[in-house]
Amino acid sequence: MSKLSPALKQLINAAHSRPGPVPAPPRIQAVYQRIQEEATERKLGRPSWLGISTAATMTMNSPESMIALYNSTSASRPENESVQIAEFMREIGLKCIGFNGIPRTINMLNAFRASLPPTIASSLNTTPTRSPSPQNILDTNTRGRALWDAIYRPLETKLIDKLGDAHPDLPVFIINQEYGGLFTDPPGKPGAKVGRVTTSLVAITCLRAQQGVGPQVLSHVFGLRKGWEDGTWKEEPEAGSEEAIRWLVSDEGCTWVLEKVDELVEALGGGAGTLSPAIDEKPKELTTTKTMSLINRVRDLATNDEHTRWMIPLLLVVDAALCGVVIEKIPYTEIDWTTYMQHIALIIKGERDYTKITGSTGPLVYPGAHVWIYKQLFKITDEGRDIQRAQYIFALVYLGTLALVFQCYRKARVPPYVFPLLILSKRLHSIFLLRCFNDCFAVLGLFAALFCYQRDQWHVGSFLFATGLNVKMSLLLPLPAMGVLMIMKLGSREAMTHAMIIFQTTVLFGYPFRKAAFSYFGRAFELSRQFTYKWTVNWRFVSEETFLSKPFALGLLSVHVTLLITFFLTRWIKPSKRTPKQFLKIIMPQAEPRDQDTMALRITPNLHT
């Protein structure tokens, strides 16, 4: 009777009886890294994001992913900090018993310790901290009841009665053993501690990952919010700053938590919670490179933004080769290059009056940054005669701009299928490589500014934007949207500082023309200038008479203003959670609004683009 028959062993270990440990998918570290980056942007501390990732991995039963999470978190950390990380993850795993059960937790924690580097494993705490005794049993039960009441008030007593109807010992076990003995840390406990905020995040994560327990998830979402309301979040300052926790308990923050858990479940289990399949169901295939169907591979390649890590350099190399082919095989188109060089030649001779600086296709109508850039090109290209050298310089400008655009799109989580489209634009290659327009440097300045804004480098970004604006005035077009975002992100007073940076940079680039300042600003920033029909592309379908008419110009201006107002009302001010009238009041307030920090947290990289 001590041995089992082969048939019985086979039945016990059958794949359909219960899914086994989940191998680490190839992209799981990238998912962990993204969650960490997003949490850090929101000023959430390590306990918050590491607690979510650890709890989801424990629930999905993936020991390999657990050690991958540890490795990515502890990389380049000193040994003592790596020990703290391992202790914390182990403590999170222990709390998962209350949601995932004992057997799975045993297997996961054993596998986790066995995979740790020997020096880390040997440094882990080996002394129990939750041993019951006559001296601490009352305190443990009191802690459990206090946590229960804090989470479920004002329904705490009704829930106890309801649980007691199911089984009289059920509320006793849950409150005393789970909430008191497990979910709360004993006083004076050495090593890793898991506070109220992180415990709620663990509960939400485990239950969400299991699926099928929506009411319990809802209860712990409310429990997380009550931790903010009663101030117990302050007992765990490592979880995040005040503004970060305020955001975390908001609708937006809770949505973020649930979405991150869903991403982990999708990555680790193909979207199925591991505790939910029916007994006769075969587990779904893991979304790994080896097992995915061709359709799933294509879908993953098109929508999983982690692929942009390798896609961006590949596309840049391909486009660099394409640029070479375009320059060598397609004739250069002369439109403004010669005129630019004629302008620069006059400036080098000492002319500073914009009304006297003219060339083959017209007068100089661009600001000082344009002059400075093309003065350098004048020197490098033998006074503009070496066109091919200029084309290769513009190819470098194009590739640099494209790299910035890629990074801005990647930061905004644009899906990968969009990226190849960026290198297929015939018009972009024409503008940069075949015509050498100054639009190239203006766009470079714009996307360099967006790159900085997305990374909270606002002062540098405003200088770069001002530089692009002083190449070509077309950069005034995105300025209204940028102003609204700055007010919400930085506050109206700091937004005024950035307006001054843009103004002062404009004055700086105009300094060489200070003796003819009126002609400089009149020509370089002339808003009433009428464009020549010959050079239009987008309005070629209308007649020249219509294009040059005043009603047509006023009509376009009206449409533009209408679109600005529409975007202002329907999209730009959304993060402020204000009506248009209320928003206008914060533009010039006597003091910053109370919710400025919360409003600022809603300005994310995807809004910048």
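Yeah, the Cβs are placed from backbone N, Cα and C, and that goes for glycine too.
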Query - Same membrane side per Swiss-Prot: Gln36 vs Val542 - result: no
Query raised in the report: Who are the chain neighbours of the transmembrane segment (468-488) in space, where the CB to CB distance is under 8 Å and they lie at least 6 residues beyond its ends?
Result: 366-370, 373, 438-439, 441-446, 448-449, 453, 458, 494-495, 498-499, 502, 505-506, 509-510, 524-525, 564, 567-568, 572-573, 575-576, 586-587, 599-600, 602-603, 607-608
Query raised in the report: Counting only residues 6+ away from its ends, which parts of the chain sit with a Cβ under 8 Å from the transmembrane segment (431-451)?
Result: 323, 326-327, 330-333, 335-337, 340, 366, 369-370, 373-374, 390-391, 394-395, 397-398, 400-401, 404-405, 407-408, 411, 461-462, 464-469, 471-472, 474-475, 478, 608-609
Requested in this report: May I have the DSSP-based helix, strand and coil counts for the residues of the topological domain 'Lumenal' (452-467)?
Outcome: 13 helix, 0 strand, 3 coil
Requested in this report: Six or more residues out from either end of the topological domain 'Cytoplasmic' (410-430), which same-chain residues have a Cβ under 8 Å from its Cβ atoms?
Outcome: 301-305, 307-308, 311-312, 315, 318-319, 322-323, 326, 333, 398, 402, 451, 454-455, 605-606, 608-609
Report summary line: Beyond a gap of at least 6 residues from its ends, the CB atoms lying under 8 Å from the topological domain 'Lumenal' (452-467) belong to 369, 408, 411-412, 445-446, 475, 482, 485-486, 489-490, 494, 498, 501-502, 505-506, 509, 605, 608-609
